[in-house]
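J.: I have a structure here, written as structure tokens, and I will follow up with some questions on it.
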Number of protein chains: 2
Amino acid sequence: MLLPALTDFADRNDDFRVFVGTGFLVGVICALIAVATRGERPQFTQKLGFLLVTTVWLAACLIGSLPLYFSSVNVTFAGAFFESMSGLTTTGSTVISGLDTLPRGILLWRSLLQWLGGIGIIGMVLLILPSLQAGGLALFHMESSDKSDKVLPRVNQLTGGLIAAYVALTLMCAIAYTSLGMTFFDATNHAMTTMATGGYSTHDASMGYFDDNRILIASTVFMVLAALPFVVYVRAFLPRRFQLWRDPQILVFLVICAVLSFAIAVTRRIINDTPFGEALVSSTFNLVSVITTTGYASEDYTLWSNAAIGIFFLASFLGGCAGSTAGGIKANRLVVLYLVVRASFRRLVRPHAVIRLKYGNDDISAQTIQTVTIFFFLFFGTLLLGTVLLTMFGLDLITAFSGTLTALSNVGPGFGQIIGPAGNFSTLPDPALWVLSAAMLLGRLELVTVLILLFPSVWID
Amino acid sequence: MLLPALTDFADRNDDFRVFVGTGFLVGVICALIAVATRGERPQFTQKLGFLLVTTVWLAACLIGSLPLYFSSVNVTFAGAFFESMSGLTTTGSTVISGLDTLPRGILLWRSLLQWLGGIGIIGMVLLILPSLQAGGLALFHMESSDKSDKVLPRVNQLTGGLIAAYVALTLMCAIAYTSLGMTFFDATNHAMTTMATGGYSTHDASMGYFDDNRILIASTVFMVLAALPFVVYVRAFLPRRFQLWRDPQILVFLVICAVLSFAIAVTRRIINDTPFGEALVSSTFNLVSVITTTGYASEDYTLWSNAAIGIFFLASFLGGCAGSTAGGIKANRLVVLYLVVRASFRRLVRPHAVIRLKYGNDDISAQTIQTVTIFFFLFFGTLLLGTVLLTMFGLDLITAFSGTLTALSNVGPGFGQIIGPAGNFSTLPDPALWVLSAAMLLGRLELVTVLILLFPSVWID
Ligand SMILES: [K+]
Ligand SMILES: [K+]
């Protein structure tokens with residue numbers, strides 16, 4: 001699966017011979033982890049599993065960074081690693097400026113990293129992470145959306161379905177982009193980074209380069225599709241028990257998108273006097289881009305107004321649906337958090353009432369509540385500590401805070417003069433890039449997978 | 001208790017006759033609530049309790065705002081209400097500039113509001129809020145620190161002890177300030193706002209006006225004392241079972257203070273080349289001021305470095321100990337959150353281990369965990385929504401975010417050009433002041449007390 005894409009790519013750019021080698025390495029590593037995860041002895045599953053998942057991502061990022069580091073692009077190793085991590089975690093923050101004049105090989109490499117990272121995270125969340133919970137805390141119960149092993153009895157079928165859906169959607173997206181006037185190269189790259197909710201572009205101006213509302217609308221549609229739980233598409237492929245609205249997070253996510261987009265358009269109508277129709281298209285595109293954690297921009301939306309900035313800031317936390325390529329807190333957790341708060345308010349008023357929490361048709365277990373809760377602590381704790389660390393390397397508060405946030409949520413652009421949608425991460429010092437790389441990995445692997453490794457008692461028997 | 005102080009005050013400023021009236025009103029309201037809380041029928045306790053507590057605070061703020069609104073100070077009603085709320089919640093954010101030339105009556109009124117708000121919150125958290133949990137969720141279990149009804153069998157004794165401790169510490173603080181060269185008026189005012197961890201000053205330059213390291217050190221000591229759980233002093237008064245270190249939050253709080261102060265001093269030594277000894281005094285004073293949620297400043301610490309800003313930003317979240325006059329997340333919750341995260345990591349690695357959580361010598365109940373968790377959600381949820389609301393009124397992101405934070409945590413100063421330690425809230429539009437007033441009340445009443453009233457199901461039977 002990896003090699004054809006990589007070969008096709010290497011063909012196109014014979015000056016980067018290192019690509020073939022790295023592509024091969026990635027393939028080997030992937031095979032190794034697949035074997036290792038299967039052959040693992042049961043009693044070692046938990047510790048080894050977390051260690052393996054983290055190691056594989058780190059190794060993949062290392063491999064992904066090599067072509068960038070050895071290429072003609074002027075980046076430090078920290079920069080190359082950051083760029084690769086930003087690709088594979090589908091964050092999309094970049095240290096490279098002057099994308100328009102970059103070798104096409106490098107551009108395609110960046111897009112491929114995101115595309116592979118996208119299917120990688122869907123696969124990992126649905127297939128590998130649930131096995132880590134076996135017999136333990138149902139840590140990723142919500143990620144698997146609804147017992148996928150019931151929906152599709154066999155893992156192979158699910159894997160095949162996911163890949164097919166991902167490829168099909170990417171193709172459809174590429175065709176849509178091409179038909180709307182993008183070159184084949186731009187369409188391919190943007191289709192890959194759209195479906196990965198990655199946000200890497202082949203132009204410094206991102207989607208603004210094309211200056212075409214129809215492209216923005218098409219992109220909006222595919223970003224939303226990419227941020228829905230992918231099990232939906234697999235069910236669509238094998239259409240028994242197909243119930244799109246059974247998963248409450250989908251409705252919640254779509255409603256949040258609609259409300260916030262509308263709110264931004266309204267503020268632009270009032271504050272900037274932008275015609276509402278025009279404002280609605282670009283507001284929806286940029287808001288959907290942030291909330292799906294894609295990170296494209298059609299223009300510098302932080303110039304619209306403080307009110308718009310506030311909404312984009314909120315959207316940077318929220319994220320898409322679990323089981324998709326999107327990051328952030330995610331709509332399923334928002335649903336659970338809301339239900340938990342409501343239940344505890346009710347208990348406070350009616351101490352003797354028996355309250356059962358239901359996520360869709362399923363009861364929410366105490367373990368699920370704990371899992372979501374822990375994620376929330378870790379998210380905000382990491383956000384604050386990351387901010388403090390970055391200020392230690394001289395970053396101002398807004399850059400440090402929004403940088404950590406955008407990395408943890410895998411969004412891409414931050415706020416402020418430096419890393420806002422019109423800026424990039426090229427001026428940040430190397431130590432800051434390392435911190436942000438760590439934050440991207442933490443966010444992508446749902447925090448606990450990595451943080452548990454830092455916890456001493458894990459290593460004591 | 002209220003009237004002597006108010007009379008003493010009215011004597012001094014015969015031009016403000018409205019003070020006597022308002023003072024009397026506060027007394028009457030306090031008496032009313034005391035009667036109402038006792039005479040309440042059991043089945044109405046929960047709902048009525050939350051409603052009453054919120055109403056009383058709102059009424060007190062309204063009363064407190066009247067002298068400011070009708071005085072010679074040039075403020076809108078929103079400004080006067082904000083100032084009064086900021087006083088009674090011991091936040092200390094101010095819309096008034098030119099404090100040095102203000103009538104002394106107004107200055108004393110502001111200090112008195114904070115001082116009364118300080119003892120009010122200690123009393124409420126220890127005496128009234130636990131009764132709201134009767135038969136229901138142990139929502140304020142942690143706030144009452146350790147079953148105060150066991151430490152002191154009778155509520156009257158506890159109340160008397162708390163007031164005595166509060167008055168005694170305020171007197172000691174005033175004596176310390178006077179002996180270090182403050183005028184009697186300045187010493188009295190600052191002693192009251194120190195023990196309330198309020199932060200109102202009689203000078204625009206805050207504690208920087210006195211330019212005396214000995215005053216900073218004395219102030220630091222008393223701020224720390226004010227941020228410790230007050231039950232400690234009551235136990236000291238009645239010295240059976242006196243164990244200062246039994247409550248783990250005290251040690252955690254002191255260690256955090258020491259580590260962060262030291263860290264700031266180090267960054268100033270490295271970045272600003274400030275001599276370490278000199279840096280340590282002012283770093284400790286300003287950091288303790290923020291973490292105890294007092295909010296004094298000896299200089300504009302946001303000019304020191306981005307690294308210092310990062311640490312002050314973190315400190316704005318943390319807060320002091322529960323059962324004190326301090327706000328913020330509070331050390332007891334930090335302890336519980338840490339234990340919960342650790343336990344869930346352990347469970348993940350050792351699925352079959354039985355893990356009991358202990359806070360000091362006491363088991364942590366599932367209800368306590370839920371209470372702390374809910375607080376955490378509400379805190380960050382309110383913080384984000386408050387930020388978005390404030391940007392709607394035109395505030396920039398850093399002012400909106402740090403303004404909401406500083407209000408929710410009852411700290412006082414925010415970050416950025418406008419509401420930083422060198423600025424004030426006078427330029428904010430009225431709607432923003434209302435939002436911030438609400439945030440201060442929410443933070444002071446531990447969020448749930450107020451938010452539960454906004455929840456429809458509370459009103460449905
Ligand atoms: K992204
Ligand atoms: K304060």
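From the backbone N, Cα and C atoms, a Cβ is placed for every residue, glycine too.
No curator has checked TrEMBL annotations; they are predicted automatically.
Below are the features I grabbed from TrEMBL:
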{"type": "BINDING", "residues": "B:THR90, B:THR91, B:GLY198, B:THR293, B:THR294, B:ASN410, B:VAL411", "note": "K(+) binding site"}
{"type": "TRANSMEM", "residues": "B:16-36", "note": "transmembrane segment"}
{"type": "TRANSMEM", "residues": "B:48-70", "note": "transmembrane segment"}
{"type": "TRANSMEM", "residues": "B:112-140", "note": "transmembrane segment"}
{"type": "TRANSMEM", "residues": "B:161-185", "note": "transmembrane segment"}
{"type": "TRANSMEM", "residues": "B:215-238", "note": "transmembrane segment"}
{"type": "TRANSMEM", "residues": "B:250-271", "note": "transmembrane segment"}
{"type": "TRANSMEM", "residues": "B:303-323", "note": "transmembrane segment"}
{"type": "TRANSMEM", "residues": "B:374-395", "note": "transmembrane segment"}
{"type": "TRANSMEM", "residues": "B:432-455", "note": "transmembrane segment"}
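Show me how these features fit into the structure around them.
T.: The C-beta environment of B:THR90 (K(+) binding site), restricted to residues of the same chain at least 6 apart in sequence and closer than 8 Å, consists of B:GLN114, B:GLY117, B:GLY118, B:ILE121, B:ALA196, B:THR197, B:GLY198, B:GLY199, B:THR293, B:THR325, B:GLY327, B:ASN410, B:ARG444.
Long-range contacts of the transmembrane segment (B:161-185) within the same chain: residues 1, 104, 107-108, 115, 118-119, 122-123, 126, 152, 191-192, 194-195, 202, 210, 212, 214-215, 218-219, 222, 225-226, 230, 233-234, 236-238, each at least 6 residues beyond the stretch ends and with a Cβ under 8 Å from a Cβ of the stretch.
When Cβ-Cβ distances below 8 Å are used as the criterion, the transmembrane segment (B:250-271) is approached by residues 224, 227-229, 232, 244, 279-280, 283-284, 286-288, 291, 304-305, 307-308, 311-312, 314-315, 318, 320-321, 331, 334-335 of the same chain, each at least six residues removed from its ends.
Long-range neighbours of the transmembrane segment (B:303-323) within the same chain, counting only residues 6 or more positions beyond its ends whose Cβ lies under 8 Å from a Cβ of the stretch, are 122, 125-126, 142-145, 197, 226-231, 247, 249-250, 253, 256, 260, 263-264, 267-268, 271-272, 283, 286-287, 290-293, 329-334, 402, 405-406, 409, 411, 415.
Long-range contacts of the transmembrane segment (B:374-395) within its own chain (CB-CB distance under 8 A, at least 6 residues past either end) are made by residues 329, 333, 337, 401, 403-405, 407-408, 418, 428-429, 431-432, 435-436, 439, 442, 446-448, 451.
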J.: For the binding-site residues B:THR294, B:ASN410, which Cβ has the most other Cβ atoms within 10 Å, all shown protein chains included?
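T.: Result for the most crowded candidate: B:THR294.
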J.: For B:GLY198 (K(+) binding site), what is the tally of other C-beta atoms lying within 10 angstroms of its C-beta?
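T.: Neighbour count, Cβ to Cβ under the 10 Å cut-off: 32.
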J.: Which residues, in sequence order, are found in the same chain with Cβ within 8 Å of the centroid defined by the Cβ atoms of B:THR90, B:THR91, B:GLY198, B:THR293, B:THR294, B:ASN410, B:VAL411 at the K(+) site, excluding those residues themselves?
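T.: Checked against the 8 Å cutoff, the neighbours are B:THR89, B:GLY92, B:ALA196, B:THR197, B:GLY199, B:GLY295, B:THR325, B:ALA326, B:GLY327, B:SER409, B:GLY412.
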